[in-house]
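Take a look at the structure below.
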Amino acid sequence: MSSYRIPQKNWRRIYAQFVDLWLVLHQKTHPQHTSLYYNRMQLTTLGNYPNKEQRRLRIRRIWQIIILLQVNIFLVTLLLALPESADNIVDFGQDTLWLIGCFYLSFKWHFFYFHADDVDEIVNDLEECHGMAVSGPAASIIRTEQRAFFLMESVLGLVWHVGILMFCVLAISQPLWTDQKLPFHAYYPFDLHDPTKHPIAHVFLYIWQSFFLFYNMACILYTDVFASHLFAQLAINLKVLCIELTTFAKVHHRDEQQFRNELGRLVKFHQRTIRNVNRTNEVFYAPLTMQMLTEFLMISLSTFEALAARHEPTVAARFIIFMVLSLSHLAYFCFFGDMVTEHSEKVAQSAYDAYQWSPNSRIIRRDLIFMINRAQQPLCLAPSPFPPFNWVSYMSIIKQCYSILTLLLESMD
C-alpha cells in the first residue's frame, strides 16, 4: 500500500487527483476518492466553492464576493463594447460569443454561491458510496470498474487542461496577430484601453484581462468537469448495482435468509441511486438548462461565423476552435448522461437474472418484481422541458444547428 496522503492544505490540492491517478496506474491501488471529490477540492483551493465551511472564513468570503464582482464588471464591459462591432458581422459574432461565454460563467458562479451546500449533500453521498466495503466474488469486478472510471475521468480531465491552456494562450495573444488592442473587445471609460492615450492603463487592463481569462477558465474547467463527473458517479453506482445483482444470486440462492438480506441491501442501494439522480436534476436544474441553451447558441453562432469568414482562414480558425470546444463540451456531458440512462435500464435485466436464481419465496420474488418494474423506467439527467443529456439529444442539437445555418445562408444568398 502507498503511504501517500491527500494534501488537505494549500495549493498542492490542485494536483492531488493526478498523483492518485499515477498510483492507480503504476501501483494498481484503488482510488482514494472519486474524481468528483478532487474537483470540489480544486474549486475550494481556487477559493471558488462557497459552501458553509468556506463562508465561515472571512478572507474566503471576501474573495468569493470579489470573484462575483469581477465577473459581473467584465460582463458589463463586453456588453457596452458590443455596439462598436455592429457594422462588422465577424467582429460582432466574436464579441457575442465572448459575451455568451461570460454570461454562462457568471451564471455558474452565482449558482455555486447560493447552492454549494446542496451540491455538497450529493457529493458526500456519492463519496460514501465509492468508499463502501465490498466483498465476495463481485469485489474484484467492482473495484476494476471503479478504477476504470477514475482513470477515464482523470485522463479526460488532463486532455481538457491541455485544451483550455491552448485556448487561453491563443486568446491572450490576439493583440499580437490582430488589430485588437486587448484580448477581449471591451469598453472602458476615458479610452483607458487605448495604448496611445493611456499606455499604463492599457498594460494594467491587459494584465487584468489575461488574469481574468486564466483564472476563470480554470474555475469553469473544474466546475464543468465537476458536474459531468457527477453524472459519471451516478453511472458507476448503477453499474455496480448491476454487477452485484448478477453475482449475489448465484452465490446465495441456497440460503434464503442471506439472499433476502443481500437483496434488501441492493434494493436500498437502488433507491439511494434513484434519489441521487432525482436530487441532481433538482439541484442542477438551472445550470443544466443554461448549459443546454448556451451550447446551442455557441455551436450555431460559431459555425455560422466560421462560414461567414471562410475567405479569411485565420479568422475562420478562431470560430472553428470555438465550435470544436463547444461540441466537445456538450459531448462530454452527453457521454456520461447517456451512460446513466443505459445502466439504469440494465438494472432490470440484472434483476431478472437474479430472479431466475432466487429461492422459492413469495416475498423475495415480489421484491425482485418491484425492482424490475421500477428499473424499466429509465433514469435520465434532464432539465425539463428540455431533452435529457444523451447522444440522441446531442445529434438533435447538431441537426437543429445545421437547419438554422442552412436557412441563414440561403437568406444571405
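Cβ atoms here come from the backbone N, Cα and C positions, even for glycine.
Caution: TrEMBL annotation is automatic and unverified by curators.
Computed from a predicted structure; not experimentally measured.
The transmembrane segment annotation in TrEMBL covers 62-82 (among others).
The transmembrane segment annotation in TrEMBL covers 97-114 (among others). Nonlocal intrachain contacts for the transmembrane segment (97-114), taken as residues 6+ away from its ends with a CB within less than 8 angstroms of a stretch CB, comprise 43, 48-50, 64, 67-68, 71-72, 74-75, 78-79, 82, 184-185, 216, 219-220, 223, 286-287, 290-291, 294, 297-298, 301-302, 305, 319, 322.
Summarising the annotation, TrEMBL assigns transmembrane segment to 149-172 (among others). For the transmembrane segment (149-172), same-chain residues at least 6 beyond its ends with a Cβ under 8 Å from one of its own Cβ atoms are 17-18, 20-21, 24-25, 31, 34-35, 183-184, 209-210, 213-214, 217-218, 221, 225, 229, 232-233, 235-236, 318, 321, 325, 328, 332.
Summarising the annotation, TrEMBL assigns transmembrane segment to 203-223 (among others).
The transmembrane segment feature in TrEMBL is assigned to 283-304 (among others).
Feature annotation from TrEMBL assigns transmembrane segment to 316-336 (among others).
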Spatial neighbours of the transmembrane segment (283-304) far in sequence, C-beta under 8 Å, 6+ residues away = 93, 96-97, 100-101, 103-104, 107-108, 111, 115, 118-119, 122, 227, 230, 319-320, 322-323, 326-327, 329-330, 333, 381-384, 386-387, 389, 397-398, 400-401, 404-405, 408
